[in-house]
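> So TrEMBL says this about it:
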type: SIGNAL; residues: 1-28; note: signal peptide
type: DOMAIN; residues: 23-115; note: domain 'Ig-like'
type: DOMAIN; residues: 123-208; note: domain 'Ig-like'
type: TRANSMEM; residues: 224-242; note: transmembrane segment
Amino acid sequence: MAQKSSSLMQVYILLLTTILFLPREITSSSVLTVNGKAENYVLDTQRGFQASLECVVQNHTRDEELLWYREDGRVDLKPGNNINSSSVCVSSISENDHGVNFTCKLQRDQTVSVSVVLNVTFPPLLSGNDFQTVEEDSNVNLVCNVKSNPQAQMMWYKNNNILTLEKNHHQIQQTSESLQLSISKVKKSDNGTYSCIANSPLKMETLDFHLIVKDKAVVVPIEPIIAACVVIFLTLCFGLLARRQRIMKLCIKEKDPHTETAL
């Protein structure tokens, strides 16, 4: 019995020794860092700047291949820029890079990754249809599109004064990307220059919208004209027909033999 216990103890010792002396590349896990950070983070930057992202494999016991992704698209890396450490450079950063996600992954185990989201600050950028001509009593929408980070405070001016809103005549709708002014049944007094003002901590921007209200076109009803033409045409037809019948009667009388004078 003692001999059997001794044999079991030897087996346990052998298993423990095997586990302890396993190669480190199997028992240890590699860690990634981007710009020295092992956790996902937000990188603050500005429009026109450039950002350098360096991904490094920590605790590796063999060469590790790295992958970079911009959103869901894989970034092409130059040879040698993907083993154990890898860098990508985002140059000429624009407002379109705001919120973009860059992710560095371990090629053999892509669950090991670190992501960086770009937080790009930029002043308001405004756009829209800045010249419109409409008729009286029609409806018009002035849409001011805006991009800004941080978000800008928006307002409408008319002819350099704060726009006075009239109930059931003006309506304003605002989202994070636009400021819309709707005018119902426009009047001549709505003529003028409407200014979209965007004010952010970085800068204030203005975009002018020119609205011209022209006289309402006189609409000539087509149906009565067509009806009148039909009546005139039928009247002429009936007149010609009646005249033709009278002419035929006169011709018949002239040919009547009883009316001829005897010699």
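Glycine is treated like the rest: Cβ placed from N, Cα and C.
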> Kindly report the helix/strand/coil residue split of the domain 'Ig-like' (123-208) according to DSSP, in that order.
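Residue counts for the domain 'Ig-like' (123-208) by secondary structure: 3 helix, 52 strand, 31 coil.
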> Sort the residues of the domain 'Ig-like' (23-115) into helix, strand and coil with DSSP and give the three counts.
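The breakdown for the domain 'Ig-like' (23-115) reads 7 helix, 43 strand, 43 coil.
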